[in-house]
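Noted in TrEMBL for the protein shown:
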ACT_SITE  130  active site, charge relay system
ACT_SITE  195  active site, charge relay system
ACT_SITE  496  active site, charge relay system
DOMAIN    122-547  domain 'Peptidase S8/S53'
DOMAIN    604-701  domain 'Subtilisin-like protease fibronectin type-III'
DOMAIN    764-852  domain 'Inhibitor I9'
DOMAIN    876-1144  domain 'Peptidase S8/S53'
DOMAIN    1215-1300  domain 'Subtilisin-like protease fibronectin type-III'
SIGNAL    1-25  signal peptide
């Protein structure tokens, strides 16, 4: 899945990029380390070590390091203080974001009486990143709630003015990494703003009867999930806002703590998902099964202003509910004017009014700045009437009697004032009135999505206008100077208020479906939404997404559009992101070309569709691929209903989906064909899947865009690599160092680019030619090489005429059997001339592929007299061709004793070369060839001190695969006594032909094609290839092309599937005419035991036989000065610190066995291989006592080394383990018990579980298992050894013989 080339390239760049982090002023930057493995328990020290390499001292590094992100996998980053403007690729400057600021639950259909799973709801934890919380309020009382769920790992410390947590508010933390005092805030989770208290009580607040704002909007205030728990992460501060570094730290903490839902009503991020802290944090949350809900922003109604647009975030627009607040003005002439209870500023500026004329009066002003009523009150006025052009939709809270009128009514008031000698008026108390709803709030940000033209945002709309919820008593309800009004509850408006509504619903859905993925929950919310009116909101889906949220329907959606993190990576690759950029999200560099591309026009399984219509084309066509999962009852079927706007044709295939079982998946495609439209015109349709029980609706939004709203072009990521890859920080002491480093990196990049251009200008191409065109040539059709040579001569002639210094192309191979063509070394200009040749079809650049790196026949049922080996056709005339690293001909597996003569059809040969002669072949190894022309064109001549320029195998891989496929039967084979038995190939009487195509740095495609072509011509029956590269279209895949030709010639081709698991869609060699083979386990293992000085014992695996005494234990990162010491790379360990000790090495950067070699060469006595994830154990051949360990054992060992004063460990080999299971039936006494007695075979220990069987009735069946541990070091002369297992009761002895055969 991941490209080794990209990974290595990133590793080369990492140190130079960090060498330029120098500073003398306090700007904050977030540094992502990407591919570099992290020891989480020691991350802070590791980050200090990184900074120490570029700072003057460890002390300076410690002063610069602000924070290390260490709590979640694949998120290796830290915060530094630095003077800089430019950015490196894996670093972005810290920015500050802004906040996006009963009746609503009943309005959207979630009444108090709604169905609930209270136990599951109380186990659900909602995390909010906001301004903190007011813990003493009624919304956070824990009446009736038990202790926090067992999964909760968070904390709630004691802070200034903070009363603490309870069983409702189970966690509260604050993050302010700049450590600067905020004079308007308190360094604790306490909320002095009110925003965080409001959003958290909206999402999951407890029931509070008779809540109101000074009597307005009275009712029961509550969250969507009153029984759920709340965890609060304060990241926003009164003076500075919400910093990127604090947001990322809070995301990290929330993921670690165990929240289920994250709600974040904050915006202002980057449209580049890899530079947006909220997108990055939400991606890591998604990978840990946590759904993130975020506000869409308050910059509407302008188009293209929506924020938080990453597809793994649920983006929420704000809608209005069916109530508003008005006040009535009674004029002295008897007219009543009923208006909104709101202000949007006035022209009654301070110092512009005459206090004598204001005192005791109601003042009418034009709208200007806020706080006008306070100015009037300060001058002794008793009320304010403000004039605005339009009716405001959001109720404004005033600190004194005031209201707002529109221009029309304002003119009436002006006329009355001018026409009356003593005008008078009364402003009555505000009251609640009904209004049509829902509608999208005018302030709610609109699409299209500025981050991607392929994702419809916002996703959903929820109430965000005049929402009553808890507030704070540390600020007045207006926040204005002189306001003396305080309330536990207040009305707020904004997408900040709509966001926690959806977060609460996500928690509500999660309580019914704890195992659903974030994508499934998002899909359920979107596809069950209530459609909103396009007549009311002309921007349609770009205003409200799928529509108004519908909580109770979302619990049971029928179908969901599900996806995992790989689906998002495929989408990002489709968008133009690539390489090391994506390591910010996944912790690894990714080669997008190595992934199976995402399907369809948008390459994502999203529940909505956005389609951009091209203005300059008469018709724009888009094919969208989707996959739904049935989460309803079965059997069932769904039929498609399409609604298409004028000028748009929408079809779906198939139009019916049938499901016979739960969680069954079905795929379909949607074809959208649209005629040209005016710029920024918005039209929409829909796809609805209907069943008798469900309606699953997906909006389809179309826009004709000039592209002006797109603030980010993903293809610019590559450009940003060169323009932002150098961070230049200057200070008095470090200026020269910073500049020198910059120049060094620039030189490195320049050299790299120069070399890349040179390589790309002259390289090997595999050329496909039209075989029918040879008839018109002057040569015989039976001789293709002269024709190909004439093509080369033509290219040479015309290219030299243009450039006398042009090097003539070189013909490397001619392919005649499996394909028709040749390979040649060509320049880009020569390739252009080749295109002019009659008969030219295609040319593919050559590339290097990689290798896919004895008890097995018995395990598969292949042994003498049994299975396939008992077949009468077991002859010795089958020829198996092995394309690999060559062969070691003297090996006993390839002796020809007793074998028949070489089949007469064989046309191959045994080529001579370095330390290989024709006499090395025999009646078993009947042919051997080496192919290296393509490899040497890329790498240069083979270094014969590293490999043989012949079929001889220096790596062992080819000898291993050849003997596995068709090696002789070899008795008493073992690895230093381990795995002892008979080693043989699957068809051990077959002949072997070895074709060496792989060399120390890889296997060239051109060489592989030549070898396959030759093997088929030689007469092989079977081809085995344990090598490959990234999956690609068959017509571009050399192995697929050659295999097709081999199949046409009757040759069976078997290829390895690749070693890029466990990631999905990483399988290679996938052509249907190839047998693609995955790797499985056999029924034995090679366990080891690691015992620490504190008594802890862990299981590992190794093929090294032997053990150590208890020896000093060290971690490799403390035994060398190089940053790669932790991986035990060559030359990185200090022998003085390693000698006589067991060294713990981290996995990565070099091979597992090389790490043991490095430790041995440095004088170490043993090696422990540690990993960061996964419990898989690798049994490798080492040159010293060494073992691999799983992640849990690795973490425990790291902790032990870190905490122990003098850590020690020992390694011992347990032996080969095989386990059998048996079932016995009681036919004796109804009530009886048996105890096992074992006579162990020589050299084998036997363990039986359980050791006692107790029966309660006749016919009862009981199970037991027998585990055999064979000590590889035991000297056993015979191939078999015997023992017995006897179940003993008072009357019966039930004996089972044990026969151990070494196979």
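Indices start at 1 and increase along the chain as displayed.
For all residues, glycine too, the Cβ spot is worked out from N, Cα and C.
In this structure, the active-site residues under consideration are 130, 195, 496, and the one with the smallest number of other Cβ atoms within 10 Å of its Cβ is 195.
Calculated from their C-alpha atoms, the gap between residue 496 (active site, charge relay system) and residue 195 (active site, charge relay system) amounts to 8 Å. Taking the Cα atom of each, residue 130 (active site, charge relay system) and residue 195 (active site, charge relay system) are about 7 angstrom apart. Across the domain 'Peptidase S8/S53' (876-1144), the model assigns an average pLDDT of 85. Sorting each residue of the domain 'Subtilisin-like protease fibronectin type-III' (1215-1300) by its DSSP state yields 0 helix, 55 strand, 31 coil.
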